[in-house]
Ligand SMILES: NC(=O)C1=CN([C@@H]2O[C@H](COP(=O)(O)OP(=O)(O)OC[C@H]3O[C@@H](n4cnc5c(N)ncnc54)[C@H](OP(=O)(O)O)[C@@H]3O)[C@@H](O)[C@H]2O)[C@@H](O)CC1
Ligand SMILES: [K+]
């Protein structure tokens, strides 16, 4: 499913009006009605319930006024409070205010007819609060009195439905602009916005419903939106086929270059991830101790030993030779980022011509000189968590978290595919961007990223195109965590590996 930004939404509205002569007033009417229908779906009979509709002066507030009018079909217990000066109202909002007044609805002006204490009482007495204060037009930190009002709603409201987006969220980032509504339900229009899928916005959105408001699908499609949520039907289409007439090499050879005496477990998790998604031949190049453990856990692994405790230029020829025999490579988990390891990583990358996924210490090594990425002759995937990405782009972690614009820029500048990991994982090749919403907090555990590298690497080795291998990989990895039946967080990473088949099965079904 596509995602649309605030700017793109305005453009779509403009195109609808210009090319189809569908006016904004029509869209607003449909938007308001859609919210009431969504409330009916969620709460059942609305007749015994009381509603307080909080409206700003922009068109989000106009939607709220339409909600209020349509609620009157169900109940008389509808109150409305307008926040902001009437002179600043958009024309559509003013028209809808007039309609409500003609119907005899009690519309109060905040600061004139009611103060903060009075509003607190109204919020406490209402069953449902409709939040139509700020929508896609919100700019900068939320100003008072809106921030005080948002605070009251969060303190006292029973059930909150947000119109389009929870007021106080930045539409295109999901950041909280000082203070934001925590909604139980958000009804958005046409398509989800970035704030619904990126944290903290994703959490404040509550349940998300996407409503059609009369903008034809063909018009949306003509915009060629480049960002989307990964769905099951998308990944089902790219899951590689299992041809009956096959042998182990049919399903790809993956070379895993990982591990050191310090990190014995990471390479094993990567290899198991690859085997679990159906890779035919997984070869691990690592130190002796890692190999013994790895083959002990899974005798189907092919192991080649290096001489010492960690990689150095001595291993370069052997690694290049094995790379020649492979379809794809995973480089990084547990390598350490000591100088001689990084020397190996840099030289190896400059000489290979097979698709490569760089993770963990592989990324830490290249963060000293990211331009090496531009010299790799084959497709490159990088799978940083925000800390690793921060080191790559030399910015603070908080600024790079969920920063899809930065990930897109990096992907284009360095000709790589970025998998920026997080509670919402972002996959981008710079031209298209995908958000993975599947998975839970069980994945927030050391080793879970190593499994992901193996899963993506395994798909890559099977010939899945690099961006698609990432899309498929993050989805399957996330879904595997949802297959765990006990309390979130109690899952071991080795159990995650063993749940991958159930996730693949669900995707294939
Ligand atoms: N596009 C479409 O197709 C459709 C769009 N539709 C609806 O329109 C909505 C967008 O409406 P919009 O553009 O009028 O902006 P909106 O979100 O109401 O905010 C503007 C108001 O907020 C205020 N304000 C801003 N920042 C602030 C701050 N930090 N702190 C405090 N105040 C702040 C600003 O005040 P001002 O700066 O002008 O004083 C102004 O009053 C969209 O979300 C959807 O619900 C639907 O009808 C269906 C079709
Ligand atoms: K809102």
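Keep in mind that glycine also has a Cβ here, set from the backbone N, Cα and C atoms.
What TrEMBL records for this protein:
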type	residues	note
DOMAIN	9-221	domain 'YjeF N-terminal'
BINDING	59-63, 135-141, 164, 266, 334, 385, 450	(6S)-NADPHX binding site
BINDING	60, 131, 167	K(+) binding site
DOMAIN	231-507	domain 'YjeF C-terminal'
BINDING	421, 422, 423, 424, 425, 449	AMP binding site
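Taking the features listed in TrEMBL, we show where each one sits on the structure.
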residue : record                   : CB count, 10 Å
59      : (6S)-NADPHX binding site : 24
60      : K(+) binding site        : 26
62      : (6S)-NADPHX binding site : 30
131     : K(+) binding site        : 31
136     : (6S)-NADPHX binding site : 24
164     : (6S)-NADPHX binding site : 30
167     : K(+) binding site        : 29
385     : (6S)-NADPHX binding site : 19
422     : AMP binding site         : 17
449     : AMP binding site         : 25
(request) Scan 59, 60, 136, 139, 164, 421 for binding-site residues whose C-beta lands under 6 Å from an atom of ligand 1 and note them, or write none. (result) 59, 60, 136, 139, 164
(message) Just to be sure I understand the contacts, which binding-site residues have a Cβ under 6 angstroms from any atom of ligand 2? Candidates are 62, 131, 385.
(response) 131
(request) Please work out the number of neighbouring Cβ atoms within 10 Å of the Cβ of residue 139 ((6S)-NADPHX binding site), leaving out its own Cβ. (result) 11
(message) Taking the Cα of residue 425 (AMP binding site) as the centre, which of the binding-site residues listed as 60, 164, 385 lie within 10 Å of it?
(response) 385
(request) Using DSSP with the three-state reduction, classify residue 167 (K(+) binding site) as helix, strand or coil. (result) coil
(request) Please list residues from the chain of residue 421 (AMP binding site) whose Cβ is under 8 angstroms from its Cβ, counting only those at least six apart in sequence. (result) 383, 384, 385, 386, 449, 452
(request) Determine, from DSSP, whether residue 60 (K(+) binding site) sits in helix, strand or coil. (result) helix
(message) Quick check: with 421, 422, 423, 424, 425, 449 left out, which same-chain residues have Cβ atoms within 8 Å of the centroid of the AMP site Cβ atoms?
(response) 385, 420, 426, 436, 439, 443, 474
(request) Count the other Cβ atoms sitting within 10 Å of the Cβ of residue 425 (AMP binding site), across every protein chain shown. (result) 27
(message) On the 0 to 100 pLDDT scale, where does the domain 'YjeF N-terminal' (9-221) sit on average?
(response) 97
(request) Taking the Cβ of residue 424 (AMP binding site) as the centre, count every other Cβ atom within 10 Å, in any protein chain shown. (result) 23
